[in-house]
Amino acid sequence: MPEGPELHLASQFVNQACGALVFGGCVEKSSVSRNPEVPFESSAYRISASARGKELRLILSPLPGAQPPQEPLALVFRFGMSGSFQLVPREELPRHAHLRFYTAPPGPQLALCFVDVRRFGHWDLGGKWQPGRGPCVLQEYEQFRENVLRNLADKAFDRPICEALLDQRFFNGIGNYLRAEILYRLKIPPFEKARSVLEALQQRRPSLKLTLSQKIKAKLQNPDLLELCHSVPKEVVQLGGKGYGSESGEEDFAAFRAWLRCYGMPGMSSLQDRHGRTIWFQGDPGPLAPKGRKSRKKKSKATQPSPEDRVEDPSPPSKALSRTRRAKRDLPERTATQRPEGPSLQQDPEVPTVPKKGKRKGRQAASGHRRPRKVKADTPSLDPEGTSAS
């Protein structure tokens with residue numbers, strides 16, 4: 001899924017591809033998207049972008065004399081599991097283009113599209129970054145480092161370091177592949193207590209006898225975990241292309257795949273954390289590893305999954321097994337797709353939550369017969385219209 005580097009690369013793409021273009025007309029939303037309508041119309045406007053952590057801000061700026069008179073409008077995007085921006089001819093819109101900005105005539109009409117196959121992406125009007133997110137690991141390194149070390153008493157750091165790294169209140173921009181690569185380079189077990197790993201950094205001070213060039217050299221040769229949270233994402237940005245994505249076979253994705261050392265690589269082991277996210281590592285998982293779970297090891301390059309298969313949420317149980325269990329219980333088959341209940345910055349908010357095991361409330365009797373419901377005539381609904389969650 002897109003992480004900090006991918007959002008940064010997406011903002012670079014928008015600025016480079018759209019810098020010389022003039023857009024016009026209304027902003028068009030797909031009928032299936034649950035995101036808000038964008039109430040913006042202008043005969044001539046430009047589009048620019050900036051990124052912070054796992055968010056991207058798009059600004060629509062009307063040109064002088066454009067009609068109707070319109071103030072600039074800002075949108076903030078979170079890419080979810082599969083979001084991206086594409087610039088395409090108007091007549092060749094991608095299938096999952098859920099928000100579209102069209103160029104103004106003359107000349108061939110193009111469309112800047114927010115494409116999101118899995119529809120976990122989201123945009124908000126107003127242009128404000130999501131409250132509660134910490135400083136960006138890429139562009140606000142000093143503030144990011146200070147924010148982490150100042151808050152080590154927070155209960156988030158009672159958790160394994162692999163889980164703490166996904167907490168966007170402190171590690172805004174770090175996601176699943178980045179945490180694996182960072183911990184692998186430092187040979188830190190993923191299920192070591194986060195506070196134990198980070199407390200030592202509070203005492204780390206460069207020697208006063210070192211010159212500036214010597215301090216820089218020492219930092220480059222022996223980076224700590226917080227420094228790698230900044231430098232490893234920068235490496236992905238410097239690769240160019242799109243970073244992590246599902247476009248198997250594309251040259252830019254091949255460069256990213258060659259850059260990986262740990263995530264999904266042969267010889268590496270994997271375990272699921274308490275949120276159901278798969279963490280890749282080498283060696284001992286650490287003292288806080290989930291009990292009763294065996295780590296799986298990647299066998300060979302021949303069996304390495306394609307990028308489409310590298311989904312961080314666990315695969316659902318087989319349909320055959322589900323049918324057998326339902327038949328025994330005489331329960332109707334459930335077909336509704338599970339969606340995340342709401343964003344939580346303490347785990348990666350772009351990832352659908354994994355359903356927890358346990359008994360369901362209100363399970364019907366084994367006979368399969370439903371009890372007739374008592375219905376009161378003309379009973380008003382307790383939920384005001386339009387306030388239920390969608």
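From the backbone N, Cα and C atoms, a Cβ is placed for every residue, glycine too.
In TrEMBL, annotation is done automatically, which means it is predicted and not curated.
Residue counts for the domain 'Formamidopyrimidine-DNA glycosylase catalytic' (2-121) under DSSP (helix as H, G, I; strand as E, B; rest coil) come to 18 helix, 53 strand, 49 coil. Taken from TrEMBL, the feature domain 'Formamidopyrimidine-DNA glycosylase catalytic' applies to 2-121.
Residues or ranges marked as region 'Disordered' in TrEMBL: 278-390.
Taken from TrEMBL, the feature compositional bias 'Basic residues' covers 291-301 (among others).
Positions annotated as compositional bias 'Basic residues' by TrEMBL: 356-374 (among others).
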> Taking all residues of the domain 'Formamidopyrimidine-DNA glycosylase catalytic' (2-121) together, what is their mean pLDDT?
Replying inline: 96
